[in-house]
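What TrEMBL annotates here:
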- A:1-56: domain 'HTH myb-type' (DOMAIN)
- A:5-57: domain 'Myb-like' (DOMAIN)
There are 2 protein chains.
Amino acid sequence: MGAPKQKWTAEEEAALRAGVEKYGPGKWRAIQKDSKFGPCLTSRSNVDLKDKWRNMSVSANGLGSARKPLAITGGPGMMTLMEDAVSVLPLAVLPPIDDAQALKRESADTSGDRKSLGSRSGMQYLQTFGGC
Amino acid sequence: MGAPKQKWTAEEEAALRAGVEKYGPGKWRAIQKDSKFGPCLTSRSNVDLKDKWRNMSVSANGLGSARKPLAITGGPGMMTLMEDAVSVLPLAVLPPIDDAQALKRESADTSGDRKSLGSRSGMQYLQTFGGC
DNA sequence: CACTAGGGTTAGGGTTCT
DNA sequence: TAGAACCCTAACCCTAGT
């Protein structure tokens with residue numbers, strides 16, 4: 001129907017990460033409209049960006065030995081609701097850079113506007129976005 | 001962020017409805033300042049009240065997506081989603097009481113009071129606001 | 001200049017597909 | 001079963017109009 005399912009490419013992920021570095025997480029629309037990585041994300045909506053970031057964060061999350069919901073397998077198609085205490089990650093919720101292939105280099109570009117954000121975590125813009 | 005997201009409680013909704021009954025829709029500031037239900041809404045701004053009323057109105061009506069996939073997979077996933085018994089409630093400018101729409105899985109609904117505030121002739125105040 | 005109306009955006013739960 | 005991609009929409013933001 002509408003979406004045959006479009007898998008995210010490495011370039012798109014890189015663009016998203018660069019966008020989050022520049023604007024901070026939560027500024028999906030701004031990231032998408034950015035003249036630099038925006039073009040890489042023309043086929044993605046702001047919601048898509050948000051969803052992708054969520055998925056990336058989840059997989060980058062190092063959860064494992066904690067507590068699993070301990071699902072009670074009552075049978076097939078059983079829906080177990082898990083209203084656990086969500087995550088209380090006090091850590092800087094930043095880039096889950098966990099790429100097996102580092103195919104980035106050079107340091108082109110530069111800024112365009114660096115405003116906002118900042119405050120708590122001392123973070124710098126070291127992410128180099130090579131384009132797509 | 002300070003407020004991850006503050007879901008509206010049933011008490012707050014009741015307070016809002018009572019406020020609209022008393023002052024009429026659009027008088028958000030007055031509702032918020034009311035000595036009776038105002039205290040229930042201390043953590044809500046006048047804009048919040050307006051937004052909430054809008055959402056309530058939308059859900060009370062069948063408005064929303066004019067398109068419903070209604071996928072009939074029939075496969076292993078026997079997920080039958082309940083079709084909304086869209087009630088063609090009167091488009092009156094008043095109370096969007098959503099009783100028939102209690103399909104949400106409320107994790108812990110403490111209150112057990114089942115007071116029926118059904119009479120909605122649309123002329124008298126619903127003094128059934130029990131506070132919060 | 002405060003408030004409201006309305007459009008736009010984000011956050012989070014849920015669903016579908018792989 | 002798990003994870004990725006997408007959908008739905010309540011909650012929240014921005015801004016023009018009054």
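Glycine is no exception: its Cβ is also placed from the backbone N, Cα and C atoms.
TrEMBL: automatically predicted annotations, no manual curation.
Over the domain 'HTH myb-type' (A:1-56) the predicted model carries a mean pLDDT of 93.
Counted with DSSP, the domain 'Myb-like' (A:5-57) comes out as 36 helix, 0 strand, 17 coil.
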